[in-house]
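Only one structure is covered here, and it is reproduced in the block below.
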Amino acid sequence: MAGAPLIRLEDICKTFHNGDLAVEVLHGITLDIRAGEFVAIMGASGSGKSTLMNILGCLDTPTGGRYLLDGEDVSTLNADELATLRRRTFGFVFQSYNLIPTSTAQENVEVPAIYAGTPAAERRKRAAALLNALKLGDRLDHRPSQLSGGQQQRISIARALMNGGRIILADEPTGALDSQSGEDVMELLRSMHQQGHTVIVITHAREVAERADRLIEIRDGQILSDTTKRDIHTPEATLQPHEEIAGNGAHIADISEAVKMALHALRANIFRTVLTLLGIIIGVSSVVTMLAIGTGAQNTILDRINAMGTDLILVRPAMAGFRGSGSIATLVPQDADAILELPNVKSAVPEVTGTVTLRRGNVDYQSQANGTVPAFSSEIVESRQRQLHHPERYRYLRPCGWLGTTVVKTLFPDGGNPVGDYILIQKIPFQIIGTLEPKGAGFGGSDQDDVVVVPLSTGNLRLFGQKYVRSITVQVKDSSLIDTTQNQIQSLLDQRHKKRDTMITNMSSVREDAAAMGKTMTVFLGSVAAISLLVGGIGVMNIMLVSVTERTREIGVRMATGARRRDILLQFIIEALSVSAIGGAIGVILGLGAAALASWAGLSVGYSFGPVLLAFACAFATGLIFGFLPARKASRLLPAVALSSE
């Protein structure tokens, strides 16, 4: 027979290692097979025939010798080049069928074409045509578990033909079939040979081997005999390697098909997928909720500081090494008058505060009394009743005052108008001349409405018996010069008191400190919530490792039909990313819902796109990071080893 052989094996050896033990399975196999031959390789169990088949089909590599396929030295090819060679040249028919259990008959047949980059419509049409030709047209949507052994083997044959199957390698194709089904399979193989396929059957049964034109018998890893049983009829036109699409379209198809296969695999074990999703959902929803609550708390604090005014400077008595600022008696109302003379000062309000006992009728109530001057009520605190609001009432120790809404509700539970009425403050009758606008909770959670405001002189002498003040609140004209004004106030008071006995802060710096503290708290809350996301990521990795272990044979089938390492890597990474993306999306929705529920319950919540995007991105990154190791493990499997797994 003229021409170079399609397959040439030269002194092929194969050794397996088990620890320090080396076992040589093939011993110097030399063999030629020409295109279009129908060859049977026969041997008993342990003879090395399956190992030889794995080497012939590029599922495994020899330890020594040369393997030339169509004149190309296969030993020089890397894993992905071998995958391409398998995809373009070989079709495999296995004894155990090796169909993907979660896929339909048509989807199983399409697998080789997926990795060849064949467009979806074209491969569906070809798969249906092959199954129709094998009398399985009414079983396209059936899964392997719904089919008989003979039907499954015919699906395996259709899959072998999907990319052309220039060389058909059939490993014990009738071993798991009844006699009639086995006869049908052998007739199909004979028909494929007559159509130009090179058919190599691996078998232990002589009656099967006798159906081939050439019988090669192997024993103990060596060729025992090579017999041509009849005149070899080589078809006039043998098949050529399968052509594939290339370029960007192929890469896009790779990703698209990987996404479809990933979602298909996730649906196949929905309960486990849901359990895996829960970890990501809980993690993402926790991050979104905690960041929303943390941002809301930060915004609340800043809003309250802004409500107090960022143009304010607070002067308090303080001295290094001296405890109890309220006991320092050097800050006096005259200091406020001096501060008012500074160029950028709009107002300077001295204030004295203390706890007092209020009484009306038989109701006693403890509240906070603030003694201040007219600027306090006219510039900082809004009053509902101004008809009695005259500066003269701040002088001459007049016993009058304004009540906060909390005090009004406590002392006047009937809802009557308190203006003009009298109450006792520290057993001294005071006339109520106004009420204060509600302020709500203050910085630190204090009730700003639990207060009674009285003239400064009245508070100092009648209520607290002192001449000094507790603080001076300064309002500036230009907030951009607040730091300069603060320094001027400090210098003025140091000069007046002959020593440094005051502490001065401005609300702008307080706001900055509060903002920094709020960010720290938000980060802390987010970090605590992120721990649950990390746990969810570990769950993804565990499930993916289990999935790789369970689907090892499926991985082998995909590799045998032409999947490259990157195809397997991409599929399992996308499975992990799909879990994380779906869980992340659900987690974001639930997190926003939980934040809305918290807002409805009265908590301050801050919504922004950033934390939501961050949580989703973290979930996506979690899937990528924790899915990579299982995916890499899957892609590193040897096809022959994966196919032999249980």
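Each Cβ is built from the backbone N, Cα and C atoms, and glycine gets one as well.
So that you can see what the record holds, here are the features copied from Swiss-Prot:
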{"type": "DOMAIN", "residues": "7-245", "note": "domain 'ABC transporter'"}
{"type": "BINDING", "residues": "Gly43, Ala44, Ser45, Gly46, Ser47, Gly48, Lys49, Ser50", "note": "ATP binding site"}
{"type": "TRANSMEM", "residues": "274-294", "note": "transmembrane segment"}
{"type": "TRANSMEM", "residues": "528-548", "note": "transmembrane segment"}
{"type": "TRANSMEM", "residues": "572-592", "note": "transmembrane segment"}
{"type": "TRANSMEM", "residues": "609-629", "note": "transmembrane segment"}
Within 10 angstroms of the C-beta of Ser47 (ATP binding site), what count of other C-beta atoms is obtained when all protein chains are considered? 21
Same-chain residues at least 6 beyond the ends of the transmembrane segment (274-294) with a Cβ under 8 Å from one of its Cβ atoms are 518, 521-526, 528-530, 532-540, 543, 579-580, 582-584, 586-588, 590-592, 594-595, 598, 603-607, 611-612, 614-616, 618-619, 622-623
Which residues of the chain, 6 or more past the ends of the transmembrane segment (572-592), have a CB below 8 A from one of its CBs? 255, 258-259, 262-263, 265-266, 273, 276-289, 292, 536-537, 540-541, 543-544, 547-548, 607, 612, 615-616, 619-620, 622-624, 626-628, 630-631, 634-635
Would you say which of the binding-site residues Ser45, Ser50 has the most Cβ atoms within 10 Å of its own Cβ? Ser50
If one looks at the chain holding Lys49 (ATP binding site), which residues at least 6 apart in sequence have a CB under 8 angstroms from its CB? Ile41, Met42, Gly43, Ile202, His204, Ile218
Sparsest Cβ surroundings (other CB atoms within 10 Å) among the binding-site residues Gly43, Gly46, Gly48: Gly46
Which chain neighbours of the ATP site, leaving out Gly43, Ala44, Ser45, Gly46, Ser47, Gly48, Lys49, Ser50, have a Cβ atom within 8 Å of the mean position of the site's Cβ atoms? His204, Ile218, Arg219
Listed in sequence order, the residues of the same chain lying six or more positions from Ala44 (ATP binding site) whose CB sits under 8 Å from its CB are His204, Arg219
